[in-house]
Amino acid sequence: MSPALIVALPFLGALLPGLMVRAGRTAAAIACGSATALALLGLLLHVPAIRAGEAIATRIPWMPQIGMNADFRIDGLGLLFGILILGIGLLIILYARFYLSRKDAAGPFFTYLMLFQGAMTGIVLSDNILMMLVFWELTSLSSFLLIGFWKHLPEGRQGARMALTVTGMGGLAMIAGCLILGQVAGSYRLSEIVQQRAAIQGSAWYLPALVLILIGAFTKSAQFPFHFWLPRAMAAPTPVSAYLHSATMVKAGLFLMARLWPALAGTPEWFGIVATVGLVTMLVGAVIALFQDDLKGLLAYSTVSHLGLITMLLGFGTEEAAVAAVFHIIAHATFKAALFMSAGIIDHEAHTRSIARLGGLRTLMPLTFGIVLIASLSMAGIPPFSGFISKELMLENASHATLGGMPRLVGGVATLASLFSVAYSLRMIAHVFLGPVRDDYPAKPHDPGIGLWLGPALLAALVVVIGIAPNLTVGWLVETAAAAITGAHPHPHFALWHGVTPALLMSAAAVVGGAVLLALWRPADGLRLALPRPDAKAIFDSMTDTTQAWAARLTNGVTDGSMSRALALFMLTATACGFAAWHTGRAGPEIRPLLPVSPVAFIGWLMLMVATGTMVAVHRRRILALVLVGIIGLIVSCAFVYLSAPDLALTQITVEVVTVILLLLALNFLPKRTVLDTGNVKRGADAFVASLTGLGVGILAYAIMRRDFAFPSIAGYMLDNSYKLGGGDNVVNVILVDFRGYDTYGEITVLGIAALTIFALTETLLAGRSGTRLRNWVHDMRRAGDRHPLMLVVATRVVLPISLVVGLYIFLRGHNAPGGGFIAGLIVSVALVMQYMASGFAWAQERQNIPYHALIGLGVLCAGITGAGAWFAGKPFLTSAFGYFHLVGVEPFELATAMGFDTGVFLCVVGAVMLALNSLSRIARQAGQKVNVHPMDIQFGGER
Amino acid sequence: MEILVATAIGFMTAAGVYLTLRKRTFAVVLGMTLLSYATNLFLFVTGRLVIDQPPILQKGVESYTDPLPQALVLTAIVISFGMTAVVVMMALGAFLEGGDDHVDLPATDRREPRPRPAQDEGAR
C-alpha cells in the first residue's frame with residue numbers, strides 16, 4: 001500500500017463517524033476501526049522490504065519547480081511509530097466504544113480521534129519537513145479538541161487551552177528551526193537533510209536551529225520545564241490520555257529528535273542540552289508522580305519521567321543509547337497504555353480516581369488487578385517484564401555518561417529517579433489494590449465487560465512476552481528502527497540476565513530503596529507538604545495574563561477608536577519600513593537620463609501643485625474642494641496623455657466625471673463645511689506625518705524613475721505577442737482581456753460587489769431611522785429655481801445618441817486603438833448620467849428602465865462564459881481565439897473571443913456605476929425631491 | 001521631467017495623507033481620492049517615463065513604453081472609483097444615522113480593557 005494512502009486512510013476514516021453515528025457508537029467504532037486496521041495492514045505489508053533495509057517512498061508532485069512535493073517515506077523508524085500509532089489506535093477505538101457513555105457525543109469524539117491518528121501517521125511517514133510541520137500542528141489542534149472534549153468541565157477547557165498554548169508555541173519555534181535547517185541543508189527532504197551532517201553542524205546557524213527545534217520537541221514531549229501541561233491534559237476522557245498522552249503524541253518530540261539524530265546529534269551542545277533536560281525531567285517527573293493522589297496524575301507524571309528517560313538516552317548520542325531508547329519507546333507504550341486504560345476502568349467502575357479513596361480492590365476487581373500488577377511491575381523495572389530490560393539498558397548507558405566533568409553524576413541521578421519510579425509503581429499496586437476492602441467507594445467496583453479489559457489485557461500480555469523473549473518479538477523492530485536513526489547497522493541482543501554488572505547493582509539498589517521509600521510514604525508526603533512547591537499553573541497563568549495585558553496595552557495604544565491616530569501610526573511605520581529597506585537593500589546606479597522639461601509640462605505641474613495646495617488650504621469649504629479635486633484629476637489625465645498612456649487618460653477623465661457627480665450627490669446631504677475641531681498641535685503633527693510620507697513616496701518614485709529595471713521586464717513578451725497571441729494592436733487592452741484576463745475578471749467582480757454593497761447600504765438606510773429623518777429633511781442650501789434648465793436638457797438630448805455611438809466606437813476599436821470595455825462603459829454611463837441630471841432621475845428612469853443589478857450579473861456571467869468557452873477548445877480558462885472575417889461590401893474585420901470578455905467588462909462597469917448613482921438618487925427622492933412630469937419643469941413665482 | 005513627476009506624486013501623497021488624518025468624513029474621502037491619484041501615478045511611473053511611444057503597435061515603430069503598469073493602473077482607477085463610492089456611501093449613512101460626520105469612535109464607545117477577574121473561569 002502506498003505510504004500516502006496509509007496516511008490518508010485515517011483522515012478518510014474521520015469522515016465516517018459522522019455518517020455512522022446515527023446507527024450507534026458500535027457502528028461508528030467499527031467504521032473507524034476498519035479504516036485503522038486497513039492502514040495498519042498496509043503498513044505491515046511493507047515489513048519484509050523494510051527488514052531487508054529498503055525504504056518505501058512515494059512522491060506526489062505539487063510544485064516541483066521549487067521543490068515542494070508531498071513526499072512520504074517509510075523506514076524502520078517510521079514503521080515502528082506507525083505500528084504503535086495504528087496498533088494502539090485500534091485498541092483505543094475498541095476501548096473508547098465501551099468507555100463512552102450514551103450521553104457522550106461519540107461521533108465528534110471518533111472523528112477527532114481519527115483526525116489525530118491521521119496527523120500522527122502523517123508526522124512519522126512524511127519525508128518533507130514542511131509537510132511534517134503541518135501534520136505536527138494538526139496534532140496540536142486535534143489534541144486540543146480531544147482534551148476539551150467534555151466541554152462542560154472547566155478543567156478540560158483550561159487543560160486544553162494550556163496544552164494548545166504550550167505545544168503551539170513550541171510548534172512555532174520548531175517551524176523557525178526547521179526552516180533554518182532546510183536552508184542550511186539546502187533541501188526540505190528529511191532523507192536528504194540527515195545526510196548533511198557536516199554542513200549542518202559546521203554552520204553558524206547550527207545552535208539556533210538546534211535550540212528552536214528542541215523547544216518544539218521538548219514542549220510536545222512534556223520535557224522540563226514545559227512538563228506542566230501534560231498532567232493538566234488528563235482532564236480528557238481516558239482513551240485520549242492513554243492514546244495521546246502516553247503512547248503517541250507525547251512521543252512525537254522523541255520521534256523528531258530520533259529522526260534528526262544523524263544530522264544534529266553527537267555535538268557537545270546536543271549532549272549538554274538533550275541529556276541534561278532528559279535527566280532532570282526523569283527525576284522531577286518521578287518525584288512528583290510519587291505524591292499524586294489522582295491515579296491519572298500519577299501516570300501522567302510517570303509518563304513525563306519516562307519521556308525524560310528516552311530523551312536522555314537520545315541525548316547521549318551513542319548507538320547503544322539509541323537502541324535502548326527505541327526499546328524503551330516500545331516497552332513504555334505498551335505498559336503505559338495498559339495502565340491508563342486500567343485507570344480508566346477503575347474510574348469507570350468505582351467512580352473515583354483518587355488514590356486516597358481507593359484500596360482493597362484486589363478481590364473486587366481481580367482481572368484489573370492482574371493487568372495493573374504486570375504493567376506496574378514492568379514500569380518499576382522488575383524482571384521478567386519488558387521494563388526491566390530497558391531499565392537495565394538505560395542504567396548501563398547512564399553509568400558510562402559523564403556530564404559536567406562528574407563521571408558518576410548521570411548514573412547517580414538515574415538510579416535515584418529509578419528509585420522513585422519503583423516507589424510510585426509499587427504504590428499503584430499497594431495503595432489501590434492491596435489493603436483492606438473498604439465500604440465507602442462512590443460506587444460498587446467490579447471487573448468490567450470484555451470490551452474494556454480486552455485492550456489492556458492484550459497489552460499486558462505483550463509486556464510479558466516481550467520481557468521473556470525480547471529478541472524473538474521486537475528484536476527486529478528495534479534493529480530496523482535503530483538502524484534508521486543512527487544510519488549504522490546495530491545487532492542488539494537483549495537478555496534478562498547479563499551477569500552481575502554495575503547496572504544490575506544500581507537496579508537492585510533502586511528496587512530496595514523504592515520499596516523502603518514506599519513504606520515511608522506517609523512521612524515523606526508530610527515532608528513534601530511542609531516544603532514550598534512552585535505551582536506551574538500559577539506561573540503559567542501569570543505569564544499568559546502578563547502577555548495578555550501587554551497585548552491589550554499595545555492594541556489600545558495603537559487603535560483607541562481614533563482612525564486618525566491609527567492611520568498616522570500606520571503611515572509612520574510604512575515610511576520607516578521603506579526607509580529601513582532603502583538602507584539595507586541594494587539599488588542600481590542612477591543611469592537613466594532625465595527627460596527634458598517642456599513648457600507645457602511645467603505649466604501642468606505648476607497647476608497641479610497649486611491646485612493641490614489650494615485644496616488642502618480650503619478643504620473645509622467642501623464644494624470648492626470638490627471643484628479642485630476635479631481640476632487635479634483633469635491634470636493627472638493630461639499627464640497620462642503626455643506620458644504615452646492614452647488608455648489611462650481616457651479612463652481617468654471619465655472616472656473623474658462620475659466621481660465628482662457622485663461626491664456632489666452625497667454632499668447634498670452632508671454639511672457643506674468641515675468644522676475646525678483640531679488644535680494647532682494636532683494639525684502640526686499631522687502635517688509632519690504627511691510631509692514625511694509624501695517625501696518618502698516622492699523620493700522613492702524619483703529613485704525608481706532614474707534606475708533601470710532590476711529584473712528583465714516582461715513588457716517585451718507582451719509587446720511581441722500582443723498581436724500574435726491576442727490578435728490586438730492595443731497592448732494594454734490585450735493585457736486586460738487576454739494575458740491577465742483573470743485579474744480583470746476578478747476586478748469587475750469586485751466592482752460589481754462594491755455597487756451591490758452601496759445598494760444594500762441604501763436599502764438599510766431607507767428602511768431604518770435615517771429613512772424617517774430623510775422624509776423630514778430640510779435642505780440647508782437654497783434650491784435652484786430652475787431644477788432642469790432648458791439648455792442642459794436640450795444639449796444632453798442632442799449629445800446622447802452621439803455619446804452612445806462614441807461609446808460603441810471606443811468599445812469596438814479597443815482591441816487595436818485606445819479604448820475598450822472599461823472606457824466605453826464609463827462613457828456610456830456618463831451619457832446616461834447626463835440625462836438623469838438634466839431631467840431628474842425618476843423622469844429618466846421611467847423612459848429607460850434598465851435593471852442595473854441584472855447588468856452587473858450579466859457582465860460577470862458574460863466574461864465568465866467567454867472564459868469558460870476556451871475549455872471546449874481544450875485550452876485553459878480565458879484563452880482567447882481570433883480570426884478575420886470577410887463580408888461582401890465591408891472590408892475584412894477581426895472578431896476575437898476577447899470581445900465577448902470585453903462586453904462583460906463593459907456591462908459590469910455600466911451596471912456598477914449606474915447602480916451607485918441610482919442608490920444616491922433614491923436617497924434624494926426620499927428627502928422629498930419632487931418627481932417632475934415634464935422633462936423641464938421651470939417653476940415660476942419663486943416657489944421652492 | 002522626472003523631478004516634476006516625483007514632486008507631484010510626493011505632494012499629492014502628502015496632501016492626501018494630511019486630509020485622511022482629519023476627523024470628519026468628507027475630508028477623509030477627499031484625502032483618499034488624492035491618495036489614489038498619487039498611488040496610481042506612482043504605479044504608472046514604475047514603467048519609467050516615456051514620451052510619445054504609446055503601447056499601440058504600429059508598422060515601422062520599434063520602441064514602445066511598458067504596457068503592463070498601464071494595464072494594472074487602468075483597473076486600479078476603476079476600482080478606486082468603486083472604493084470611493086462605497087466610502088462615500090458609508091460616510092453618508094453614518095451621517096444620516098448618527099447625526100454627525102465624525103470619523104472617530106465617540107469617547108463613550110471606546111472601552112477600556114476589561115479587568116480580568118482574579119479567579120479563573122472555573123471559579124466563576
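Here the Cβ of each residue, glycine as well, is placed from N, Cα and C on the backbone.
Just so you know, TrEMBL annotations are computer predictions that nobody has curated.
Within the chain, the domain 'NADH-Ubiquinone oxidoreductase (complex I) chain 5 N-terminal' (A:66-107) has long-range Cβ neighbours (under 8 A, six or more residues past its boundaries) at 2-4, 6-7, 10, 17-18, 20-21, 25-26, 28-29, 32-33, 36-37, 39-40, 43-44, 46-47, 50, 55-60, 113, 117, 120-121, 124-128, 130-131, 149-150, 187-191, 237-239, 242-243, 247-248, 251, 255, 258-259, 326, 329-330, 333, 337, 341, 344, 348, 448-449, 451-452, 454-456, 458-459, 477-485. Annotation source TrEMBL lists domain 'NADH-Ubiquinone oxidoreductase (complex I) chain 5 N-terminal' at A:66-107.
The transmembrane segment annotation in TrEMBL covers A:77-98 (among others).
Taken from TrEMBL, the feature transmembrane segment covers A:105-123 (among others).
Here TrEMBL flags A:126-401 as domain 'NADH:quinone oxidoreductase/Mrp antiporter transmembrane'.
Per TrEMBL, transmembrane segment is recorded for A:129-150 (among others).
Counting only same-chain residues 6+ beyond the ends of the transmembrane segment (A:162-185), those with a CB under 8 A from a CB of the stretch are 129-130, 132-133, 136-137, 140-141, 143-144, 147, 192-193, 196, 199-200, 203, 205-206, 208-220, 226, 228-230, 232-233, 256, 260, 263, 537, 540, 544. Residues or ranges marked as transmembrane segment in TrEMBL: A:162-185 (among others).
Here TrEMBL flags A:242-264 (among others) as transmembrane segment.
As annotated by TrEMBL, transmembrane segment applies to A:270-291 (among others).
Look at TrEMBL and you will find A:298-316 (among others) tagged as transmembrane segment.
Residues annotated as transmembrane segment in TrEMBL: A:367-389 (among others).
Long-range neighbours of the transmembrane segment (A:409-429) within the same chain, counting only residues 6 or more positions beyond its ends whose Cβ lies under 8 Å from a Cβ of the stretch, are 275, 279, 282-283, 286-287, 289-290, 292, 295, 298, 302, 305, 308-309, 312, 339, 355, 372-373, 376-377, 379-381, 391, 394-395, 398-399, 401-403, 502, 506-507, 509-511, 513-515, 517-518, 521. The transmembrane segment annotation in TrEMBL covers A:409-429 (among others).
Residues or ranges marked as transmembrane segment in TrEMBL: A:500-521 (among others).
Sequence annotations record features per position, and here TrEMBL assigns transmembrane segment to A:566-585 (among others).
The annotation domain 'MrpA C-terminal/MbhD' is assigned in TrEMBL to A:608-672. Taken residue by residue, the domain 'MrpA C-terminal/MbhD' (A:608-672) breaks down under DSSP into 53 helix, 1 strand, 11 coil.
Restricting the average to the domain 'MrpA C-terminal/MbhE' (A:682-762) gives a pLDDT of 89. Per TrEMBL, domain 'MrpA C-terminal/MbhE' is recorded for A:682-762.
TrEMBL lists A:792-914 with the feature domain 'Na+/H+ antiporter MnhB subunit-related protein'.
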### Summary
Outside the transmembrane segment (A:270-291), at least 6 residues beyond either end, the same-chain residues with a Cβ under 8 Å of its Cβ set are 210-211, 214, 218, 222-224, 227, 257, 264, 297-317, 401, 403, 410, 413-414, 416-418, 420-421, 423-424, 427, 517, 521, 524-525, 528
### Message
Should anything in the same chain at least six residues away from the transmembrane segment (A:893-917) have a Cβ under 8 Å from its Cβ atoms, list it; otherwise answer none.
### Response
658, 661-662, 665, 726-728, 733-734, 736-738, 741, 744-745, 748-749, 751-752, 754-756, 758-759, 811, 814-816, 820-822, 824-826, 828-829, 832-833, 836, 850, 852-867, 869-870, 878, 880-885, 887
### Query
Sequence-remote contacts (6 or more beyond its ends) of the transmembrane segment (A:566-585), Cβ cut-off under 8 Å?
558-559, 685-686, 689-690, 692-693, 696, 700, 703
### Query
Can you name the far-off residues of the same chain, 6+ from the ends of the transmembrane segment (A:500-521), with a Cβ under 8 Å from a Cβ of it?
290, 380-382, 388, 391-393, 395-396, 399, 411, 414-415, 418-423, 425-427, 430-431
### Message
What does the DSSP secondary structure composition of the domain 'Na+/H+ antiporter MnhB subunit-related protein' (A:792-914) look like, as residue counts for helix, strand and coil?
### Response
87 helix, 13 strand, 23 coil
